[in-house]
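Colleague: Okay, here's the structure, questions in a sec.
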Amino acid sequence: MTSFPFSFFLFGCRSILLSHLNTYNLYYKGGALQLRHREEEGEMIIEGLLNVFWGVRRPIRLQMEDEKEAGHYSRPIKSLQRREGRAHLAGEEQQDSTLSDRIARAKSDVGGRRISGRRLGIRRVRRNRCSFNGHFYNHKTAVFTPAFGSVTNVRVNSCMTTAQVMRVLLNKFKIENSPDEFSLYIVHTSGERHRLKPKDHPLALRVLRGPCEQVSKMFLMETDQVEEVTYDVAQYIKFELPVLQSFIAKLQEEEEREMQKLKKRYRLSHTLYILEAFEIIMCPHFFSVPLFPVISGTLICNESSRNTCGL
């Protein structure tokens with residue numbers, strides 16, 4: 001996959017990026033995934049929501065937020081307790097039995113609401129703990145495993161690199177795992193898969209590749225569990241095993257034919273070399289005429305010997 005420096009998006013190809021951005025926004029017209037762009041110090045910055053699909057296989061560790069959840073429901077409970085106390089004091093001041101009965105019923109009602117409110121708060125806390133953004137959540141081990149292919153989104157801009165986008169995504173879900181354990185991948189429906197480099201800009205790449213997620217999607221995957229798949233390899237991924245075996249058989253036949261051609265060519269060249277050497281040896285002047293007589297300590301090739309032996 002081609003990697004583009006950020007200057008590519010800001011200067012030389014701004015018109016191309018704007019054209020792709022218009023197409024992108026037209027595709028998501030009226031939706032939350034529409035992107036905005038602005039100028040800042042002469043640079044064009046695109047910002048908006050980026051869809052990221054979960055592709056992790058191992059459970060992810062989560063941070064616990066029990067304190068925040070408990071604090072969220074403590075204020076309504078305390079206010080109900082204060083109302084109960086005021087109703088109790090009012091009941092002591094009144095002497096009329098009818099009015100006392102009404103106050104007692106009001107106190108009972110307030111008390112009932114307090115209990116139901118507490119129970120409601122507990123039910124809400126439990127419901128939040130059982131599910132984490134629609135994914136499976138285990139409270140005892142504080143881990144969850146997102147359903148493979150489920151989608152989430154993060155608000156980013158075109159200035160943010162791959163590493164920054166991953167940090168934002170992990171912080172959104174309070175994931176304790178290190179960002180170094182994951183990578184962003186562009187996965188095509190053909191099976192082609194490319195890993196984004198740490199300094200790539202995912203939102204800009206998404207715009208350039210088009211908005212249709214039926215063609216390609218951006219996945220968060222474990223770096224040590226996923227390998228890149230080139231276009232040449234992806235062509236054969238979806239074939240059935242018998243078809244692949246027939247391809248291998250044909251390739252082996254072609255390889256065998258090429259090997260036989262190479263061997264035949266080598267044998268022919270070797271035979272010609274032997275014949276040429278034999279003709280030189282059988283030359284009548286080969287032993288009678290020195291090929292390189294010595295004159296004054298210098299080797300000089302004899303022209304007659306050359307002509308005689310065909311050198």
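Indices start at 1 and increase along the chain as displayed.
Cβ coordinates come from backbone N, Cα and C, glycine included.
It should be emphasised that the depicted structure is a prediction, and the values quoted were computed from it without experimental measurement.
What TrEMBL records for this protein is below:
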- 1-15: signal peptide (SIGNAL)
- 137-225: domain 'Ras-associating' (DOMAIN)
- 233-280: domain 'SARAH' (DOMAIN)
Colleague: Across the domain 'Ras-associating' (137-225), what does the pLDDT come to on average, as a whole number?
Modeller: 89
Colleague: Taking DSSP states H, G and I as helix and E and B as strand, how many residues of the domain 'SARAH' (233-280) are helix, strand and coil?
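Modeller: Helix (H, G, I), strand (E, B), coil: 42 helix, 0 strand, 6 coil.
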Colleague: Using DSSP, what is the helix/strand/coil residue split across the domain 'Ras-associating' (137-225)?
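Modeller: Result for the domain 'Ras-associating' (137-225), in helix, strand, coil order: 22 helix, 30 strand, 37 coil.
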